[in-house]
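Have a look at the structure below before the remarks.
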Amino acid sequence: MYNYLLIRYGEIGLKGKNRSYFEKSLVKNMQSALKDLEIGKIKSTQGRMYIPLSGSSDELTRVLDRVTRVFGIETVSPAVKVESDLEVIKKTALQVFKNHMDSISPQNQVSFKVDCRRADKLFSKNSMEMNQILGAHILDHVPGLKVDVKQPQILLQVEIREDGTYIFTEKIPGHGGLPIGTTGKGVLMLSGGIDSPVAGWLAMKRGIQVVGLHFHSYPFTSQRALKKVEDISQVLSRYGTGPTGGFKLITNHFTDIQKAIQNYCSESMWVTVMRRFMFYIANRMAQKEQAMTVVTGENVGQVASQTLESMHAVSQDVVNLPILRPLAGLDKKEIMSKAETIGTYDISIRPYEDCCTLFLPKNPKTRPSLEQTKREISKLNFEELVEESLEKTEIKYFEPYQDITEEELTFDV
């Protein structure tokens, strides 16, 4: 039934002189998300974007699932576009209204409201007149209705524009934010836990093109632990659709570094020294990727390694880029809820431990000093261990919609 998808954006509309750059980026990202579907050209006009549809419900389901994951979009509406003729508008508005009625299967009397906006000033009727005409037409043809202008169960919206009239009843929320790629590139320190995927998602929401960096310690950590991270990367790829598409995961083989730390460093400092190595490698990877930031899933005070003293000790002097910690102000419950929304939670709780979990000492140092950390690292051949680790790096790309099943689609239209 629906032949267009209306796209509304929020923050992009406030960008002033740079607005066109953000709008073009949003269009490119939507095109990237829909590249394997036979979709017509996306149009942009008068603060709206329009995606043409064939009218197939299967197509609408797929397009909605993908478009609502693209950052920068505030809401979307499946709409029927018709010529701006009064009788055609009346007939179509009634069809759209009945279609929505059928989808909600009301048990009691239904309240409704018509909200018409006339952007085309050459149209013969004004907005108020159209509200009255369409409201009366619906009341005449659908029994058991009542008008409620404050809290209607069904809001029929009509936009009369220069290129035609758009009729719809739904505003489906997107995730807002900024189009990916508009604010730069970052390297995400990605574990298999709950936190780091959410941190990466939040960085993406602010327009950052994220590259994942995972530290793998085979055989201490299993291939199933790595598969867990790859599955998380697959989920993130569906949100990370920027102009280049997909999600890039860099896997750094960290085993030899962890062995050296375990053999030569004080047990209470294992985590601190290990994380300092990780930050140094992340900084090197960021430089190689021409990224401008390192993103982590650290929170403040959530675990022993996340005190302010510890954060200072693990990153000071080894990272010369901004470090983003999007979760710093969130409670664990909030992070878990967001992980469920994103779709990474069920993957993250699989019982396969990552390299940080396996090497936890009995009594970790919670407030290590930078000097103490440097003394521990001086026991190791830091540069040699790092270079050997970098030589064992692997890269894998994840396409956002490869092998997607019907059950994974979000919308049932």
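Cβ coordinates come from backbone N, Cα and C, glycine included.
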Item checked: Record-annotated ATP site (Swiss-Prot): member among Arg161, Arg238, Arg275, Arg276 besides Met189, Leu190, His214, Phe215, Gly297, Gln306 -> Arg275
Next item on the list: Consider each pair of residues in Met189, Leu190, His214, Phe215, Arg275, Gly297, Gln306, all listed by the record as binding ATP, and report the largest Cα separation in Å as a whole number.
Entry: 19
Checklist line | Within the domain 'THUMP' (61-171), residues counted as helix, strand or coil by DSSP | finding: 41 helix, 35 strand, 35 coil
Next item on the list: For the domain 'THUMP' (61-171), would you mind checking the mean pLDDT of the predicted model?
Entry: 95
Checklist line | Protein Cβ atoms within 10 Å of Gly297 (ATP binding site), excluding its own | finding: 23
Note to self: What are the sequence-distant neighbours of His214 (ATP binding site), meaning same chain, six or more residues apart, C-beta distance under 8 angstroms?
What the structure shows: Leu190, Ser191, Gly192, Leu226, Val229, Leu249, Ile250, Thr251, Asn252
Checklist line | Under 8 Å by Cβ from Met189 (ATP binding site), same chain, sequence gap 6 or more | finding: Ser196, Leu213, Phe215, Met278, Phe279, Ala282, Val294, Val295, Thr296, Gly297
